[in-house]
């Protein structure tokens, strides 16, 4: 998957046909998937190549089909739904650091919704359900809103955003005091006993970091030791930036009329 992902980006950047030929000669590698992550990049490559399909590269139809299968696996109301949402409306793929899959999926959905709009395509068909580009984008916005505070816990999962957010991140730099506030020596075991096991908030606030997120019941246990939910990662934040960037282009979104997800699409106040 990394090789197809790399070749797709190199073709986009250089327009050198050798990279596209590499993709075509190895397109059997590509497969329909229901997640996009650091460990599985097929959906990202498919979204890039589907845009090329709409630009005239009709031999890339497989990637259009595959990325639309990915979207259909995620969209509530789809007849080919594979990924469920929590009662609070969050995509839920697996328990360990679930927000990594939410932010990365949202980035792909955002990119493809823009591809549909710019190509004047009215949407995609998921069995008996049809989703317009604006509906796909609205679903992305509901996920972003959930992460930023519109959720059953009434808390933001981004540190420093809003009035309530995680305080005990599983992060060494955040959970250990700065040398400026604690210049004396810290013993080999002191970090664990004095700071890791402490019930106090982290002494260094890791502003902007997004943690792994809530469990399947929309509950978040703000404890440093619960690394599956309290640990921030670069691959959560990086994809979140991509998803949010796509929401700032001013395009109107069409709300999804579905009871099982939160249809509120107003961004959480940046206060």
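Backbone N, Cα and C atoms are what each Cβ position is placed from, and that goes for glycine too.
A quick note: this is a predicted structure, and the numbers were derived from the prediction, not measured.
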Key: Feature region 'Disordered' in TrEMBL, mapped to one of the ranges 203-229, 230-256   = 203-229
Query = How many of the residues that make up the region 'Disordered' (203-229) does DSSP mark as helix, as strand and as coil?
reply = 3 helix, 1 strand, 23 coil
Note = Going by C-beta under 8 A and a gap of 6 or more residues, the same-chain neighbours of residue 231 (active site) are 97, 169, 170, 171, 211, 212
Message = When DSSP is mapped onto helix/strand/coil, what comes out for residue 170 (active site)?
response = coil
Ask   = DSSP three-state call for residue 231 (active site): helix, strand or coil?
value = coil
